[in-house]
Amino acid sequence: MKKKLFLSFALAASVWLNAQQKNTLLNPNFWKNAPDVTAVKAEIAKGNNPSESNDRSFDAVVYAINNDAPNETIKFLLDQPGNSVNKSTHDNRIYLHWAAYKGNAEIVNYLIDKGSDVNLEDSHATTPITFAAGVGQTNTEVYDALFKAGINPKHKYRNRNGANLLHLAIASDKDLKITNYLITKGLSLKDTDNDGNTVLDYAAKSGDLAFLKTLASKGVKFTDNAIIFAAEGSRRDAASLEVYRYLVEEAKLNPKVTNKEGATVLHLVANKPKQTEVINYFISKGVDVNKADNSGTTALMAAATSRDTEALELFISKTKDINTQNIKGESALTMAVKSGSPKSVELLLNTKANSQILDKEGYNLGYYLIQSYRPQMGGRGPENNEGPKVDPFEAKSDLLQKSGLDLAAAQKDGSTLYHFAVVKNDLNLVKKLQPLQIDVNSKNTDGLTALHKAAMVSNDDQLLKYLLSIGAQKETKTEFDETAYALAKENETLTKQNVSVEFLKS
Amino acid sequence: MKSISKLATVTILFLFVTISTFAQSSKYKCMLQMANYTGEGAYIVVSLIDAKGTYEKTLYVMGDDKKWYNSLKEWHKFQTKKPSNLSAITGASVTGGDRSITTFEIENAKINNGYKLRFESAVEDQKYHVTDVELPLTTEALAAKTDGKGYIRYVRFSKL
């Protein structure tokens with residue numbers, strides 16, 4: 001036991017060490033002390049690359065901007081080769097996004113002068129100005145600079161359902177600083193988006209009752225969708241029961257409102273913690289617990305993805321058929337296996353959830369078990385705050401087998417769990433399957449074995465050698481007459497790293 | 001007599017309609033082989049593009065989480081303007097080095113008629129390729145292997 005603990009600690013430490021960047025300019029700690037140009041030059045002189053990006057596409061410039069480094073430092077970094085003004089960084093954002101978001105007007109102006117694209121959309125269809133407005137950036141000089149560069153203050157954003165900057169900013173603009181500024185630019189508290197949602201509806205995202213009352217007293221109207229906005233909330237917060245009571249009882253909004261995807265409030269709060277009061281309130285107001293949204297998903301299924309089991313237990317007690325499947329063929333148990341906790345899987349199995357369920361593709365829950373695998377990130381597994389540390393993958397695997405699911409059986413398309421696991425390119429995951437006694441040479445209907453798949457996706461020879469060690473046959477050919485050797489020869493990563501694949505030759 | 005000829009006409013008409021429905025489109029098996037890029041699974045959408053270069057129809061979507069659809073920027077504009085139900089033509093996203101074998105239907109009238117097939121691709125935090133693969137929809141091109149410019153190594157087809 002002691003040894004095991006020590007090992008897992010050592011593993012966590014090594015993962016943590018690996019995660020530290022070798023390039024000091026990509027180490028967040030370097031940026032904590034607002035380094036000046038001399039400090040940055042010293043790091044570059046030591047061989048640290050000022051234009052390198054890390055695996056999440058952050059580079060030194062982005063770190064400098066986001067950590068409020070002196071503007072001279074930021075400008076110096078922008079002058080380095082490889083840091084052009086429209087360089088794509090995390091989430092496809094350019095430096096102008098980050099500078100606008102941080103409210104750094106001097107750098108915003110500097111980037112615009114250098115030809116930065118003020119209309120560039122990141123991978124979430126956010127432009128520099130909507131990025132700034134969305135976080136409630138209050139430095140109006142940033143907006144001034146972007147308007148001067150050609151942004152129309154009254155633009156309705158197509159990818160945001162026709163919302164304008166006022167809609168986007170309001171939920172984080174409690175003192176109405178940006179709102180009042182935008183009103184001087186021609187926007188109005190009466191503006192609506194393409195669905196008729198009002199500024200007040202958007203404000204409901206804040207979950208701040210006093211703020212909503214202030215806005216309502218200015219004559220701004222709600223629509224029923226305010227309940228949806230409140231339930232969606234921001235990423236971390238959840239609105240309190242008082243907010244919903246106000247919206248339903250005082251503003252007289254319809255508690256049974258659904259969003260465009262057909263989801264009710266219950267769907268939207270189901271995977272948030274501590275929602276029992278809210279859920280019971282809306283059920284008492286007539287919202288149907290069993291209602292499926294347009295994708296066939298019920299609130300029970302949404303709750304099964306949560307780390308917290310409070311809502312799940314409540315929905316289990318109120319659901320007619322625990323095995324209802326959505327359009328993809330996923331049940332609540334599928335959701336729990338894929339993204340919930342072992343506790344949720346256990347709860348559902350104990351209430352007669354069917355462990356033999358198949359999805360639309362004919363895959364059983366074994367497929368979802370593989371999808372649930374997350375390489376442990378420095379001990380920050382999903383279970384870290386739930387008492388004794390358990391490996392969620394193994395816990396779920398045990399529960400499913402005890403309930404009678406044969407994890408060694410091939411799927412309808414001939415794939416085995418080896419096929420699914422190999423594509424994750426993680427030797428630890430593949431090794432976890434060994435006790436299941438799966439036939440490693442099984443071919444799927446595309447004519448591929450696990451070894452073929454491994455030859456295509458591997459970054460090194462470890463996975464391939466492991467598969468050979470457990471009996472994978474080299475000779476088998478795909479329906480395009482390729483051997484694992486031929487596929488590995490085409491693998492650019494192996495070629496680039498000069499990994500010899502001659503051991504695959506039969 | 002009259003009724004017989006009427007019946008014959010109806011039967012012929014019926015047969016004609018049936019045959020033309022059958023002949024309208026053909027199924028193609030598409031083998032898409034990804035290059036070994038590093039990063040998350042790629043979202044790929046296959047579209048039918050008309051002679052003017054505009055989107056006409058979505059044939060297949062690889063990747064089922066709608067929140068990433070806006071990263072396929074050009075296609076997303078088309079899908080937002082003219083939403084079509086994608087549930088029957090959606091599969092999983094494809095990992096670097098892996099391959100995906102899918103089938104889709106193409107109307108025969110579109111072949112050798114100026115149309116193109118476009119494979120558009122996006123990977124989280126990485127470059128978006130509006131035409132990772134684009135091939136003219138001709139009998140010849142469908143028989144060959146077409147190399148990709150981005151995350152796709154190549155695609156090839158066989159008629160079913």
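All positions are counted from 1 along the displayed chain.
Cβ coordinates are placed from backbone N, Cα and C, and glycine is handled just like the others.
Per TrEMBL, repeat 'ANK' is recorded for A:91-123, A:161-194, A:261-294, A:295-327, A:328-360, A:413-445, A:446-479. TrEMBL lists A:1-19 with the feature signal peptide.
Sequence-distant contacts of the repeat 'ANK' (A:413-445) (same chain, six or more residues past either end, CB-CB distance under 8 Å): 361-363, 366-367, 369-371, 373, 375, 393-394, 397, 407, 451, 453-454, 457-459, 462-463, 466-467, 470-473, 476. Long-range Cβ contacts of the repeat 'ANK' (A:261-294) within its own chain (Cβ-Cβ under 8 Å, at least 6 residues beyond either end) map to 227-228, 231-233, 238-239, 241, 244-245, 248, 255, 300, 302-303, 305-308, 310-311, 314-315, 318-321, 324, 326. Proximity of distant same-chain residues to the repeat 'ANK' (A:161-194), defined by a Cβ-Cβ separation under 8 Å and at least 6 residues beyond the stretch ends, is recorded for 129-130, 133-138, 140, 143, 147, 153-155, 202-206, 208, 211, 215, 218-220, 234.
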